[in-house]
Structure formats: structure tokens, C-alpha cells
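> Sharing a structure here in C-alpha cells format.
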Amino acid sequence: MAPPAAPLAHRMREPTPALPPPPRVDLWLHEIGDWLMRNQRAIAAVQWSVVGLYLLLLIVPVLAPLPEPGARIWNDVVLFAQFVLWGLWWPLVLLSMVLVGRAWCGLLCPEGTITEAVSSRSRGRGIPLWMRWSGWPFVVFAVTTIYGQMISVYHYPSSALLILGASTSGAIITGLLWGRNKRVWCRFLCPVNGVFGVLAKLAPLHFRVDNAAWDRWNKPRGATPVVNCAPLVPMRTMKGASACHMCGRCSSYRDAITLARRSPNREIVEVAGAEPKPVETVLILFGLLGIAAAAFHWPDSELYLWGKLQLAGFLLRHDWLWPLQGAPWWLLTHHPERGDVMTLLDGAVLLGYIVVIAAAIGGFAALCLALAARSIGHWSTRRFHHLVQAMIPVAACGVLLGLSRMTVWLLHDNGLAIAGLMPLRAALLGGALLWSLWLGWRIIGRYSQRRWRKLAAMLPFTSAVAVSGAVWARLFWSF
Ligand code: SF4
């Protein structure tokens, strides 16, 4: 027989089990998100300071003479700007994507600040269809990277001003024409939007949306709060950190959005497979693993040199001398006073080298990953795109190590050597390879539970990771 129910009054006095308080770190993150939301004026002040610094770093070195032999970063404005811009700023921005998502975009980026500011006086046109083309993230990244190599963007202030100035001008024009109070440039055309979006998937922080809380939310009396998400992220359905600029404006919106931690694997393993984006596949395989790697490799490449010598011999034998002439500095590097001139032939071979190497690396990795996807079961394009996402750690690490070479060279030229550099590089690259392998294993495990299928898929997947890692390792070690 069931025991008699307790009297109602007694039952009402029974304490309801309390939920444990959230960990302190979650409360702190929530507070930080709300602080960002409440302090947009202070953030704007910082943003405009960064705009000022950015303009100084771009313009002042162009007005100064190129460094004399023996000049140092602390006594030559050109070298100083080169070190700050390419040795510190740029590598740290990329690193920040992996550590804190796209906070750089939302809180500091000068182009984002400028385009949003001019957008307040925009003509407010609707975003045209051509701008919504999904291939832009790859095309603008590829063109900027290759063009940057052709005019030696890291070495000459005029080249840096040309490329970064063109990008900033594009941001201003876009802001003046399309959208209102928005960052249309950042969302669709910024040359690094695609790369930043890919790297931010590894970030352990994001603005999390609680869909149930969003739906439960009761509109307060009076004016409805409005959030201006400048990069046009659909907040209600936001699942990852890829598109979000971490500006904090939507923190606590509808009691549903909060800055939160997450596993760095989560977005790649659990989210990326649901909405595959072919452009990200092309960007990771042919852009980051292909074009970016080739752009770092060509100055020391024997293949590049061999191709150039063969073609030069052919041209000389046929008395075709015009391709052996230089071109204006804004088309190809042209600084005869420093003995640094690229001929039309150099430019053509450079272009060919980058395209061929990118196609070879990206094509090989794509083939291996397609084999891995097929080994799990019947062919599925979605599965293939999902597996490609597991290559992000090795791609991100390679690009970061490649960029940091500039930092190391500049420090070394100024008598500042970094101790333990090679073991550090080996540890970072090795860690990234293992991370990619782990992600691949987890993704494969989502599609098949059979051990032999998983192992069969890991074989080609491991080949893709190993070859990509070897390409980056070749930058630092001869083998
Ligand atoms: S979703 Fe939009 S408003 Fe919210 S933090 Fe991201 S960029 Fe800012």
C-alpha cells in the first residue's frame, strides 16, 4: 500500500532542490559580455585610436627614405613600422582569432570602424546579388595574397599603402553605398573575412544563444530594445563564432545571448557538418594550405628558380627580350636602387608557381579527404566538406608560423634572437597535426561506429594531414 501523502502545508514547506550556481568563470564571462554591451562609447574611443595608429603606420613610412644599411627598428621609422605592422600586428591578429574569436573585428579593426562610421551616412541601398556571391571569401583572399607577393608588400611601405589603402578605400565606398550603420564590407568583401571566419571556429569563446530563453522572453513594457549587429549576423539562429564579430552589443539580449566558453572542437565537430559551405572547403584546401603555403615558399624554391631559368633561356634563344624587362612598382616589385626588380618573366613564373603548387597541395588533400569520406560509407558531399574542417588546425598553425618568420627575421636583424625557436615551432606544428587528427577521428566517428571503417577512413585522412604538415615543415627544416 502506498504511504499516505504528506499534508499540503507540510509539502509546501519542503525545500525545492536548488540548482548549483554556475561556475565563477561563466559569471565572469557573462559580466565581460555585458560590460562590452554597456561600454560601446569607450570601445569606440579605442577603435578610433587604432584607426589613428593604423594611418600613421601606413602613411609616415611612405614619406621617409628607405632604410640605410645598419638601420635598426628603433632608429628608422620604416623598419619600425614594418616590424609593428607585419612582425607584431598581423601575426597577433591571426593568433587572436584562435584565442578569442573575431574580437579583433568587432572591437579593434580600423577598417570595420571606418566602414561602419561612414555607413551612418550611407545611401542605404540594398545589398546587391553580386556581392552576396559565396565565392568572394576565396577570390579576394587569393588575389590579395598573390598580388602582395608580386609587389613585395612586406618589404616596401608604398606596397603596403597600396594594398591596405585599396582595402580601406573599398571599405569606405561600400559603407557609403550599401546598408545603414552596418559593416557590409566586413560581411561580404573583406579580403580576410573568410580566413578569420575559419580560424574563429577554433576559439574557446563565443556568444551563445539560448533558443528556449529567446522564445520565452517577454517583451518589457515601453520601447523594445534594439540591437544593431553591424556584420549582419542572424542572432536568433547563430550557432558558432565564425560570423560573429564579438562586439558584445547583443549580450543579454532577450535574456538569451551570453559570452560563454566552449570546447575548441565543438564548432568543427558538432556544427560545421550541418551547414557545409563549399567556399570554406576551397579556402582551407587551396587557399590556406595551398596559396598561402606557396606564397611563403617561393623565395627559397628551387622549382621556382629552375622554371625561371628554363624560360629565360628559351626567351633568349628566340631573342624575345621584352619579358625580361621590369614593370611599374604597383604591378611588380621595382626598386632598382636596391637591386630589387621583378621582370615580367619573374612575375609570370611566380604566378604560375603559386597556382601549380596550390593546385597540387589542395588537390592531393582533397583527394585524400574524398577517399576518407567514401571509406565511411556511400559518397556524401556533406561528409567530405565536414572532414575538410578538421584540417583547420594544421592550416591555421602553418599560416601563423609562416607569418611569424617575418617577426623572427626582423628581430634577428636587430640583434634579438629568440631562444628555443625551432623546438617551439616543432611543438606547435606537431600539436596542430595531432589536433587535426583528433578532429578527423571525432568527425569520422559521427558517421560510422564500425571500427574497421573508421580506421580505413583515417588512413587517407592521415595522409592529407601528414602532407600538409610536411609542406609547412619544409619552410623551416630541409628534408
Ligand atoms: S552576434 Fe552581432 S551583435 Fe552579437 S556579438 Fe556577434 S557581431 Fe556583435
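Along the chain as shown, residues are numbered 1 onward.
Keep in mind that glycine also has a Cβ here, set from the backbone N, Cα and C atoms.
Per TrEMBL, domain '4Fe-4S ferredoxin-type' is recorded for 84-128, 170-204. The feature transmembrane segment is assigned by TrEMBL to 42-63, 83-108, 129-148, 160-179, 282-299, 350-372, 384-404, 424-444, 456-477.
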> So, does the transmembrane segment (129-148) come close enough to the transmembrane segment (160-179) to give 3+ Cβ pairs below 8 Å, pairs being at least 6 apart in sequence?
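These two segments touch.
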> Applying the under-8 angstroms CB criterion, which one of 83-108, 282-299, 350-372, 424-444, 456-477 scores highest with the transmembrane segment (384-404)?
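Maximum Cβ contact count belongs to 424-444.
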> So which of 83-108, 282-299, 350-372, 424-444 has the most C-beta pairs under 8 Å when paired with the transmembrane segment (456-477)?
350-372
> Across the whole of the domain '4Fe-4S ferredoxin-type' (84-128), what does the mean pLDDT come to? Round it, please.
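Here the mean pLDDT over the domain '4Fe-4S ferredoxin-type' (84-128) amounts to 96.
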> Which residue counts does DSSP yield for the domain '4Fe-4S ferredoxin-type' (84-128) in the helix, strand and coil classes, in that order?
33 helix, 1 strand, 11 coil
